[in-house]
Amino acid sequence: MKQRSLLSILCFILLASGVASVSAQTCIENRKYFTPNGTYDSNRRLILSSLPNNTASRDGFYYGSIGEEQDRVYALGMCIPKSTPSDCSNCIKGAAGWLIQDCVNQTDAYYWALDPTLCLVRYSNISFSGSAAFWEIEPQYLVLNTATIASNLTEFKTIWEDLTSRTITAASAARSTPSSSDNHYRVDFANLTKFQNIYALMQCTPDISSDECNNCLQRGVLEYQSCCGNNTGGYVMRPICFFRWQLFTFSKAFHNITLATTPPLSPPPLQRPVVASQPPSADNRDKKRDNSSGKISMKTILAIVVVGIVILIIISGILARRFARKEKPYQEVELNQTGITSVRSLQYKFKTIETATNNFSERLGHGGSGHVFKGRLPDGKEIAVKRLSEKTEQSKKEFKNEVVLVAKLQHRNLVRLLGFSVKGEEKIIVYEYLPNRSLDYILFDPTKQGELDWKKRYKIIGGTARGILYLHQDSQPTIIHRDLKAGNILLDAHMNPKVADFGTARIFGMDQSVAITANAAGTPGYMAPEYMELGEFSMKSDVYSYGVLVLEIICGKRNTSFSSPVQNFVTYVWRLWKSGTPLNLVDATIAENYKSEEVIRCIHIALLCVQEEPTDRPDFSIIMSMLTSNSLILPVPKPPPSFIPGRPNQSTTRPSSQNINDGRWSLLKMMFH
């Protein structure tokens with residue numbers, strides 16, 4: 001049975017190699033280059049991370065920018081019309097990820113993602129909105145099927161040329177506003193035989209003129225004909241236009257379209273074209289190709305190499321699994337009981353951890369779920385070991401939750417999980433060791449808080465936002481932290497923040513905006529009002545917690561130290577803001593060693609985060625833009641919740657917060673450019 005399965009896989013690979021590979025990203029080489037991990041790179045990553053949400057929520061098209069002067073990055077996202085928000089967001093997210101991965105230092109790049117839907121992502125260091133200078137960038141990735149039309153070629157070309165001609169005319173006509181993906185878009189098909197259609201899709205960016213769109217598409221069709229006119233499908237891509245045709249539907253683009261009437265042809269009804277596995281010989285267009293039966297083409301060589309590599313990988317995987325089965329897994333029953341067998345490769349033997357921590361002798365701190373100890377593995381790596389003290393079912397769930405979630409997360413502002421261990425009721429989580437411990441350990445200690453000057457605090461504010469932005473927009477799946485606080489921000493040797501403690505975190509579906517729980521988990525003072533009162537949590541409840549955290553970082557005091565019968569922490573800050581004295585909040589240990597405009601801007605952002613209504617709060621992509629672009633004008637904040645004893649329950653008066661990501665921030669998002 002296993003041999004048959006392996007044979008099926010290999011056969012599939014060999015068959016698939018008969019189709020040319022799709023590589024639709026273009027890192028433009030004739031422009032400037034940036035320094036990886038520099039300011040331009042950070043701005044590039046930031047604006048690309050915000051594209052999925054901005055594009056999906058804006059009629060399938062978004063253009064904006066972030067940064068200043070030479071570090072300014074312009075970006076565009078576009079989906080085909082009638083894409084679902086989920087399909088559009090996923091497509092843009094995938095395309096942006098490929099650009100970040102493959103275009104390591106190019107300041108200009110674009111990517112057409114082809115399936116399961118079609119979308120475009122482009123970024124540049126110069127503004128390109130409405131620019132049709134496509135001829136300076138040669139068409140990239142003329143991708144085609146290696147099969148060809150072997151009979152009825154004349155009749156086929158007549159139908160094909162008519163289809164592409166009318167599709168160009170329809171696509172280039174302006175039908176809606178320049179900010180809608182429905183502008184300059186058309187799909188159509190034509191009957192080839194009774195049982196076979198030809199399908200075509202054409203799209204231009206909606207911000208160019210009809211003539212520019214027409215010229216770009218016409219040029220693409222002519223280039224395809226001169227290159228690959230006998231093939232059974234293909235595409236031509238430029239930064240501003242896209243053309244594809246196939247003998248099958250694609251990109252979820254052909255639902256509910258009306259077939260335009262095909263002009264009558266003088267020849268008799270067509271027979272179904274014969275698709276040959278090899279290109280036809282003796283055609284002037286194909287003279288550049290090497291059709292000699294005595295020579296092996298480069299495409300064939302590449303296919304053989306790829307197949308060989310894949311076979312080696314499969315064989316290596318099979319051998320590795322066989323060897324792994326020979327070693328009996330330890331604590332198999334207990335591991336299965338935790339429900340985390342999918343990450344079993346991260347499991348340490350309990351004895352290893354016991355030895356590494358010298359029998360748990362050097363305690364670093366204590367949290368709500370247990371003690372944290374310092375250790376050293378046999379290879380010399382320093383580790384932090386969380387030893388869960390509670391034995392309840394809830395603690396088991398949080399243990400499983402944290403291990404499974406954190407094991408999949410990779411970001412410089414998220415703590416890195418190294419492994420775990422289970423022995424009976426003992427449950428251990430192993431993290432990277434961070435020498436400066438947690439933020440609260442330094443921030444709220446009068447003898448240590450002087451180590452955090454304003455520059456370090458500002459770095460912690462920005463780094464924490466980047467970490468949560470990753471959880472909300474860039475991780476798969478979306479994660480709501482639910483317990484963001486100073487004690488859950490760890491600091492490395494350079495005071496870079498790393499978000500930690502995912503025991504109470506929850507996963508959100510792609511289209512999910514809010515969830516309700518009967519057991520609100522979190523820390524009083526950081527919890528949003530809708531979460532405390534109604535059990536509603538969302539991305540915006542994390543935003544609220546972040547706002548409180550930012551204010552704590554500025555003042556150097558716990559939020560609980562400001563509570564009184566008439567006000568709480570956020571209302572105290574609000575009164576300072578309204579009285580025009582926000583700098584009275586600043587920690588005295590910072591003295592005058594700070595930029596007042598930066599501090600005031602951070603207080604302003606924090607007050608936007610702690611507004612009472614979830615829909616009034618910015619999402620983290622906007623927060624990052626506020627922190628990195630001083631030219632962005634901030635909205636006037638609304639009053640925060642007071643939580644004063646005796647206050648009427650808000651649940652009877654608060655409007656529904658089901659639509660967490662409504663349009664209140666759309667104007668601000670449009671200001672990126």
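Every residue gets a Cβ built from N, Cα and C, even glycine.
Checking Asn53, Asn336, Asn649 against Swiss-Prot, you find N-linked glycosylation site recorded for Asn53.
Looking up Asn230, Asn559 in Swiss-Prot shows the N-linked glycosylation site annotation sitting on Asn230. Cα spacing between Thr523 (phosphothreonine) and Asp483 (active site, proton acceptor): 6 Å, rounded to the nearest whole number. Annotated pair His366 (ATP binding site) and Tyr431 (phosphotyrosine), C-alpha to C-alpha distance, rounded: 15 Å. Sequence-distant neighbours of Leu364 (ATP binding site) (same chain, 6+ apart, CB under 8 A from its CB) are Val372, Phe373, Lys374, Ala384, Arg437. Counting every protein chain shown, the Cβ of Gly370 (ATP binding site) has 19 other Cβ atoms within 10 Å.
Reduced to three states, the DSSP call for Tyr531 (phosphotyrosine) is helix. Residue pair Tyr531 (phosphotyrosine) / Tyr431 (phosphotyrosine) shows a Cα separation of 29 Å. Cβ neighbour count for Tyr531 (phosphotyrosine): 24 (other Cβ atoms within 10 Å of its Cβ, all protein chains included). Taken residue by residue with DSSP, Asp483 (active site, proton acceptor) is part of neither helix nor strand, so it is coil.
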